[in-house]
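As given in TrEMBL:
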- 1-57: region 'Disordered' (REGION)
- 64-83: transmembrane segment (TRANSMEM)
- 103-123: transmembrane segment (TRANSMEM)
- 143-161: transmembrane segment (TRANSMEM)
- 198-216: transmembrane segment (TRANSMEM)
- 241-261: transmembrane segment (TRANSMEM)
- 281-302: transmembrane segment (TRANSMEM)
- 314-334: transmembrane segment (TRANSMEM)
- 371-389: transmembrane segment (TRANSMEM)
- 401-424: transmembrane segment (TRANSMEM)
- 452-472: transmembrane segment (TRANSMEM)
- 493-512: transmembrane segment (TRANSMEM)
- 524-548: transmembrane segment (TRANSMEM)
- 566-608: region 'Disordered' (REGION)
Amino acid sequence: MSDSTDSAPPGSPGTQATAAEARGAESRRARPAGAGAHGVQTQDPESHGPGASAGRDAHAGTDWVVTSITAVLLLAVVVWGLASADSFSRFANSALTFVVNDFGWLFVIAATAFVGFILFVAFSRFGRIRLGKDDEQPEFSTVSWVAMMFAAGMGIGLMFYGTTEPLTFFRQGVPGHEKGDVQAAFATTMFHWGLHPWALYAIVGLAIAYSTFRLGRKQLLSSAFIPLIGERRAEGPLGKAIDILAIFATVFGTATSLGIGAQQISSGLDVTGLVHNPGQLTIVMIVVVLGAAFLLSAASGVGKGIQWLSNINMGLATVLALFVLIVGPTVVILNEVPLAGGAYLSQFFSMASRTADSSPEAGSWLSSWTIFYWAWWTSWSPFVGMFLARISRGRTIREFVLVILMVPTCVTLLWFSIFGGTAIHLEGTGKSIWGDGDSTRQLFDLLKTLPAGNIMAVIAMMLLATFFITSADSASTVMGSMAQRGRLVASRRVTVLWGVLTGAIALVLLTTGKEDSLTSLQTVTIIAASPFVLIIIALMFAIIRALGNDPMYLDERRARSEALHAARQRRLHREAAARGKNPGPAGKTAGAAEQSPGPAAAKRSGES
């Protein structure tokens, strides 16, 4: 999920006013500053952007209630994990069992409901509403916008699971399918990485972007709930609880990504021979070094650090994917693209309805895969949603939703077809990519089978490092904003605080998990994200209530009603004329025409 854009500077003038805009210029001038064409209160364009630290932003101080409570909770987790790793692991496993067994159905139903909801919003009349003033142009170019959204959303995950997930499902099978079923392997992979995560991000991003840029409210998740709970509650304890949960979920979701990235970089160092048999100390050093790098990036702001690194990400990812596509089994990969896409669409609803009762092994499989993913995406949704909101000013809701859903899904399809398809093909030719089942090594084992594999493995590690930095950078910046009452540019010390806490949580999860640290990461992510599912469900109702009161939507609905009324009058007029009756003046009803006899009838009446 990334998007960068300095190719089109923030706040660029955009296109010339159309004739329709010119006709509305006079009425817009009559409105207060900050009002849209339909009277919607929005911020001035100059009040937002990478350098916007003045005005409203300048006195957005730290919310010490939100910051203190969240920091204390996170520090307690860190201390618990370091002081009593066994106790921490036992609690996490017990909580996981409770969540999966008793609330797994909620994750399954809610995740697909989110997809249906956001598509409804996009294709309804709400889709024409702009996230900003009615005549406002997008802040970032489309290319940079797409680049930033992709890098922020799942860069490390695609690097880690791009090879191993299709290969795992191919070798071990999925519930209801035999081992070696290529279609089921790709369909299930795309189910986890396609529309569902981006629907989650789009819901949160839409709520925040509309509230911030259309209505001029604070850039906080709690502010998006004002239509549902009122301003007093949104700014009171209930709103603070929402923001605390958002930061808490974001920390654990980001920590999981950082832990996965550090593990994979460590394996890459081993496979390439740069470090012999790296252990936990190597992983700790990776987290510390890259953590320092992302703090520097976060301090430079969205317009510099994230944007610059996002462009690097896109370049390196393109080079790596094209290399495997061209040097690897090209025809096989190209055949996998329609196969994976078709399997995803044809099996979508059967996968969406898979629960722990689907088969004897479905419960444990779901907790390791589908429910983990839904929880992981849920924990990422506050930060990714807010980040998407920050970079999407000036887009229409329809454009916002469809691009966020479709573009990353298509890129994900290509990525898994290239890396997963190559891995499955090589397994079939006797070149084992699976090895001993260590998922952190399988990408590098794949690259080693190709010419110049060691060079590409180094590029892959560089890509993991930049994805690590952009993910942590975006997350710490967004958490800093949430902790400072929606401040668009968080202060450096607050950003550093969340960056350090996120890195510490990642280290705790990696070390308490011992040999199976990946399971530890997955377990705690599911637990931390569970309460936030209810927040997103409530957010859907808040979105509908807010959009239903949008002046542009109300104006269009009124115009439609008037047009339907006029059409009905014309139809009645024609029907009356067809019956040979005088329909009266246009616009009057047939009944009114009959009650008023007209000049000719009045004359006949007088003669009689």
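The backbone N, Cα and C atoms fix where each Cβ goes, and this holds for glycine too.
Because TrEMBL annotations are produced automatically, they should be read as predictions rather than curated entries.
Here the transmembrane segment (241-261) lies next to the transmembrane segment (371-389) in space: the count of CB pairs under 8 Å, restricted to residues six or more apart, reaches at least 3.
Contact between the transmembrane segment (401-424) and the transmembrane segment (524-548) does not hold: fewer than three of their C-beta pairs are under 8 Å, each pair 6 or more apart in sequence. Within the chain, the transmembrane segment (103-123) has long-range Cβ neighbours (under 8 A, six or more residues past its boundaries) at 195-196, 199-200, 202-203, 206, 352-356, 363, 366-367, 370-371, 374-375, 377-378, 397-398, 401-402, 405, 530, 533, 536-537, 540, 543-544, 547. Between the transmembrane segment (452-472) and the transmembrane segment (524-548), the number of CB pairs under 8 angstroms, six or more residues apart, is fewer than three, so the stretches are not in contact. Between the transmembrane segment (198-216) and the stretches 314-334, 371-389, 524-548, Cβ pairs under 8 Å are most numerous for 371-389.
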